[in-house]
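*Asks:* Submitted below is the structure of interest, expressed as structure tokens.
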Amino acid sequence: MSPLLRFRKLSSFSEDTINPKPKQSATVEKPKRRRSGRCSCVDSCCWLIGYLCTAWWLLLFLYHSVPVPAMLQAPESPGTRLSRDGVKAFHPVILVPGIVTGGLELWEGRPCAEGLFRKRLWGASFSEILRRPLCWLEHLSLDSETGLDPSGIRVRAVPGLVAADYFAPCYFAWAVLIENLAKIGYEGKNLHMASYDWRLSFHNTEVRDQSLSRLKSKIELMYATNGFKKVVVVPHSMGAIYFLHFLKWVETPLPDGGGGGGPGWCAKHIKSVVNIGPAFLGVPKAVSNLLSAEGKDIAYARSLAPGLLDSELLKLQTLEHLMRMSHSWDSIVSLLPKGGEAIWGDLDSHAEEGLNCIYSKRKSSQLSLSNLHKQNYSLKPVSRVKEPAKYGRIVSFGKRASELPSSQLSTLNVKELSRVDGNSNDSTSCGEFWSEYNEMSRESIVKVAENTAYTATTVLDLLRFIAPKMMRRAEAHFSHGIADDLDDPKYGHYKYWSNPLETKLPEAPEMEMYCLYGVGIPTERSYIYKLATSSGKCKSSIPFRIDGSLDGDDVCLKGGTRFADGDESVPVISAGFMCAKGWRGKTRFNPSGMDTFLREYKHKPPGSLLESRGTESGAHVDIMGNVGLIEDVLRIAAGASGQEIGGDRIYSDVMRMSERISIKL
């Protein structure tokens with residue numbers, strides 16, 4: 001039986017192979033062609049991946065085996081060079097970050113923040129902004145009444161050196177300085193980052209987190225465990241006024257709300273305070289942030305692409321949400337200009353008077369958005385404003401208000417205006433959003449902006465009028481004036497301690513105070529505003545905006561923003577005045593006559609891609625990668641005095657500007 005079956009199977013196979021049917025043949029060939037097409041697509045992808053991998057490995061091989069020309073090699077780091085020269089770690093070092101650069105992580109949150117426990121909401125990839133923007137805004141905002149945590153939310157500062165080494169991936173803040181300190185012998189036992197929640201008022205960092213007490217204990221511990229060597233403190237930006245607050249707090253008795261260290265605590269524990277980019281007297285950009293959630297970059301973007309950030313676009317109300325969040329941060333109020341018209345100028349005069357605009361057309365490329373704006377110059381109608389600039393007018397409403405003599409300006413008293421009437425803007429038509437602007441009558445808004453200009457003194461009245469709740473809360477923690485009599489008991493209150501014009505440096509004649517900052521970059525000094533108009537169905541909750549269509553004959557007026565010399569964020573007058581004059585020698589602000597030193601770093605853009613953001617940059621954050629500044633900090637930490645590193649080094653007109661400022665010393 002089985003031989004018969006094998007014979008039949010063999011016969012059928014032979015028939016099919018010898019006499020194949022045409023129809024069957026056709027059906028067999030078509031799938032083969034389709035399979036061939038699919039395989040060729042996969043093969044192409046595989047070949048492409050192979051080419052890329054081969055090229056990558058070839059480049060790696062060349063990188064490791066072929067000598068790199070000297071001109072393409074990264075320069076030797078200051079830490080390596082100083083270590084070779086015998087410079088070694090000596091004084092313990094405390095780093096104090098400023099606003100924004102410190103990381104914040106979530107410890108408790110709403111259901112929308114599920115999965116984010118102990119993950120960074122600030123100071124990382126910022127991917128959560130795109131994934132859940134409203135949830136992100138809610139968790140970074142503080143309570144509008146207390147300035148502390150909202151109920152059910154706990155966001156805290158990231159501890160340790162990682163708190164502010166990088167602001168975002170590949171964007172260093174303190175990392176380069178930390179690495180260079182390590183090269184001369186620093187490590188965890190003698191190097192510390194004093195992180196704190198930079199959103200809070202300085203007093204509230206102690207109330208909620210005991211940040212000041214922790215800093216005091218850390219300084220005492222590092223002093224005791226490092227051979228009783230005094231500590232070198234290196235604050236940056238707002239960290240400078242935060243540490244100024246600490247200097248007063250630590251010696252104030254415990255019953256008066258201080259740290260109880262006693263009058264000699266600073267003299268015993270601190271060798272020097274090396275302030276980097278200090279915002280001692282505030283920054284004008286804090287005004288524009290609180291007034292309209294804007295700065296020069298946003299104004300430029302609006303002039304290039306009108307409507308991009310307006311409420312009409314996708315109904316996002318981006319700036320409205322950012323303004324509501326920033327209005328809950330008391331720390332921003334600490335950065336408002338201090339000293340009033342005596343420091344920043346009045347309607348007709350200012351400290352920079354008589355100084356020509358130092359930036360030529362050619363140098364305007366330093367402002368990236370400004371350069372972009374120039375490329376579209378012929379496409380945009382631009383109004384021209386003639387110099388001389390009136391920098392004392394921190395905010396001017398309209399071109400005429402920025403030019404007219406003060407006698408021709410409106411004499412409006414903001415304090416006499418009513419905020420609310422029957423036509424108040426109590427709702428918007430683009431989703432639920434509320435700000436303090438919603439309580440203002442349209443009549444009041446128009447009067448505020450009608451042919452008026454505001455100085456550093458009157459702009460505070462303007463902010464009190466448009467955001468009374470925010471200013472009442474924040475001004476319980478900060479003051480922005482000049483003390484008449486520093487011995488007046490009222491200056492024992494903590495709200496004066498972060499203002500160098502309303503507090504004294506400690507009695508520590510051997511201490512040194514440094515002001516290190518960049519110069520040669522256009523820095524925001526004053527603004528020209530206009531009333532915002534809404535052409536679409538959405539009605540903006542922010543009635544004012546910088547007039548981005550206004551340009552001057554030089555780069556000192558660009559996009560409605562006037563620029564002066566500085567480090568791109570802090571004008572020279574704010575960073576340098578106290579070391580140049582306010583604390584120079586024995587003054588009422590520096591009763592023990594501790595030495596002060598000015599060290600300026602002239603900005604030089606990066607010369608190659610290998611320099612990243614520049615080894616000679618003077619920009620506000622990038623300066624912490626400046627080789628000259630790093631060398632100065634390392635030498636001070638290793639025991640050098642201000643005279644031994646070269647004393648003052650000045651490129652700007654800070655001394656001349658300081659001479660023009662007349663205050664009681």
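Positions of Cβ are set from backbone N, Cα and C atoms, glycine also.
Taken from Swiss-Prot, the feature active site, acyl-ester intermediate applies to Ser237. The feature active site, charge relay system is assigned by Swiss-Prot to Asp567, His620, with similarity to another entry given as support. Among the features that Swiss-Prot reports, transmembrane segment is placed at 48-68, with the record citing sequence analysis.
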*Asks:* Counting across all protein chains shown, how many other Cβ atoms sit within 10 Å of the Cβ of His620 (active site, charge relay system)?
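*Replies:* Around His620 (active site, charge relay system), other Cβ atoms within 10 Å: 24.
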*Asks:* I want to check the contact list for Asp567 (active site, charge relay system): same chain, sequence separation of six or more, C-beta distance under 8 angstroms. What comes out?
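*Replies:* Once residues fewer than 6 apart are set aside, Asp567 (active site, charge relay system) is near Gly277, Tyr517, Gly518, Val519, Ile521, Thr523, Ala575, His603, Gly618, Ala619, His620, Ile623.
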*Asks:* Under 8 Å between C-beta atoms and at least six apart in sequence, can you list the same-chain neighbours of the residue listed as 'active site, acyl-ester intermediate', or say none if there are none?
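*Replies:* Correct list: Pro97, Gly98, Ile99, Thr101, Ile276, Gly277, Pro278, Ala279, Ser569, Val570, His620.
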*Asks:* Using DSSP with the three-state reduction, classify His620 (active site, charge relay system) as helix, strand or coil.
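*Replies:* The three-state answer is coil.
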*Asks:* Look up the residue listed as 'active site, acyl-ester intermediate' in the DSSP assignment and report helix, strand or coil.
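*Replies:* Coil, per DSSP.
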